[in-house]
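S.K.: Take a look at what Swiss-Prot says about it:
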BINDING   His78, His80, His255, Asp330  Fe(3+) binding site
BINDING   His78, His80, His255, Asp330  Zn(2+) binding site
BINDING   Arg87, Tyr150, His183, Glu258, Thr335  4-imidazolone-5-propanoate binding site
BINDING   Tyr150, Asn332, Gly334  N-formimidoyl-L-glutamate binding site
Amino acid sequence: MPHADQLITNIGRLVTGPQAPLRGQQLAQLTAIDQAVVAVQAGNIVALGSQAELSAWTADQTIDAGGYLAIPGFVDPHTHACYAGDRAHEFELRIKGASYSELMAAGGGIMSTVHATRAASKAELVAQTRPRLDQLLAHGTTTVEIKSGYGLDTATELTMLEAIAELAQTHPIGIVPTFMGAHAIPAEYRDNPEAFVDLVVDEMLPAVAAWWQQQTIWQEPLACDIFCENGAFSVAQSQRILVKAKALGFRLKLHVDEFEPLGGTPLAVELGAISVDHLVATPPEHIAILANSETVGVSLPGTPFGLGKSQFSPARSLIEANGILALATDCNPGTSPCESMPMAIAIACRYLRLTPAEALNAATVNSAFAIRQHERVGSLAVGMQADLALLNLPDERHIGYKFGTNPVAIVIKTGRVVRRNQLHADR
């Protein structure tokens, strides 16, 4: 008689995409099992199927899924969730007409958060970040990428990474860090941005690489991200930083084309970046280059939504070109203070014209591939981590259909219940 550590039973409907990456029309592929059971051993799935198929299994612990809809735990591949302070005052200024670039030029925007983060200790960063991770987890995210990038000096960037590392060891959510020392040009280098590029290349990257070598939590390369945009880093500056990062063993990621198409997408593909993120202003010829690569296009629909913009990334064009599309929240204090992947899906269905099936796969299977965690998380299959979100919804279409509420009832990480949302407890 087969035996497991845990059996997750009474799943009303289990839905998962194939394993990553999913290109083009593959993004709409889902497998559904009604009245499903999942068997878990040492945190990984060892069997899944219908209740009839797994009726012989026993376990040390049985988890009643309450008849809920089961999906893979969301994987959020792009956040800036570690920071101090907030930018609620800028939200009101934007409503009154201030632009993103105007706020940046006046010392606000990213610089406002840099000032607050530089003044915070590691303990304060941990304390302020933890509730954001609680919210991400409560909304069904079981793995999240978190960037540094609000230090813009070597010491604070390392403090941010240390805070992220502490959270990775003390919070149930899975965390994948990214170094983003090239997030913006700090005020002290405004008149000499090349000197800041020198600092990133000659001091920050080697220091962070040395720090990473001492870590025991993660076994894969650290990623280096950069904001390739007017007012931040040019294509030439980005290339210089990324070439050095690649030589030091970093994986590469880029913020590109949020406002203008500088050429960051072709650069990313040329250098073998794992993802390019934003893509709001990406022209068709660059979408074609991206689609013909292993680089994931990560759409952040909460960001133009948060900025009150009407232009969103051309996600359908990337799908139709047979590219790899993922979704993320871009959780950050300024433009997308969103901690909900279901909300990102709801926006994507409306403004990016994704079907609910496409959006679900983009937020699980392909988002795991965007941070190269796809061999462990993002889909439900034998050998994968038992990371599930149980939703109080009749089927997967309702994830994009409903918005403004949290449909997640129970969150399971490596076979353990790590969150029960009280709102759904009396169902």
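Even glycines carry a Cβ here, placed using N, Cα and C.
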S.K.: Using only C-alpha positions, which one of His78, His255, Asp330, Asn332 is spatially nearest His183 (4-imidazolone-5-propanoate binding site)? These are the binding-site residues in the record.
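M.R.: Its closest listed neighbour, by Cα, is His255.
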S.K.: Can you name every residue in this chain, apart from His78, His80, His255, Asp330, with its Cβ inside 8 Å of the center of the Cβ atoms of the recorded Fe(3+) site?
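M.R.: Here the non-site neighbours turn out to be Thr79, Lys147, Asp277, His278, Leu300, Thr303, Ala328, Cys331, Asn332, Ser336.
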S.K.: Of the residues named as 4-imidazolone-5-propanoate binders, Arg87, Tyr150, His183, Glu258, Thr335, how far apart in Å are the Cα atoms of the most distant pair?
M.R.: 20
S.K.: Filter the binding-site residues His78, His255, Asp330, Gly334 down to those whose C-alpha lies within 10 angstroms of the C-alpha of Tyr150 (4-imidazolone-5-propanoate binding site); answer none if the list is empty.
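M.R.: Near Tyr150 (4-imidazolone-5-propanoate binding site) by Cα: none of them.
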S.K.: Check each residue in the chain of Asn332 (N-formimidoyl-L-glutamate binding site) that is at least six apart in sequence and keep those whose C-beta is under 8 Å from its C-beta; list them in sequence order.
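M.R.: When sequence neighbours closer than 6 are ignored, Asn332 (N-formimidoyl-L-glutamate binding site) has Thr79, His80, Ala81, Tyr83 within Cβ distance under 8 Å.
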S.K.: From the Cα of Arg87 (4-imidazolone-5-propanoate binding site) across to the Cα of His78 (Fe(3+) binding site), what is the distance in angstrom?
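M.R.: About 19 Å separates the two Cα atoms.
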S.K.: In terms of DSSP three-state secondary structure, what is the assignment for His255 (Fe(3+) binding site)?
M.R.: strand
S.K.: Around the N-formimidoyl-L-glutamate site formed by Tyr150, Asn332, Gly334, which additional residues qualify by having Cβ within 8 Å of the site's Cβ center?
M.R.: His80, Tyr83, Arg87, Ile110, Thr113, Gly149, Pro333, Thr335
S.K.: Test of understanding: give the count of other CB atoms lying within 10 angstroms of the CB of Glu258 (4-imidazolone-5-propanoate binding site).
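M.R.: Glu258 (4-imidazolone-5-propanoate binding site): 27 neighbouring Cβ atoms within 10 Å.
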S.K.: Do me a favour and check the Cα-Cα span between Thr335 (4-imidazolone-5-propanoate binding site) and His255 (Fe(3+) binding site); whole Å is fine.
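M.R.: Answer for this pair: 14 Å between alpha carbons.
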S.K.: Tell me the Cα distance separating Arg87 (4-imidazolone-5-propanoate binding site) from His255 (Fe(3+) binding site), rounded to the nearest angstrom.
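M.R.: About 21 Å separate the Cα atoms of these two residues.
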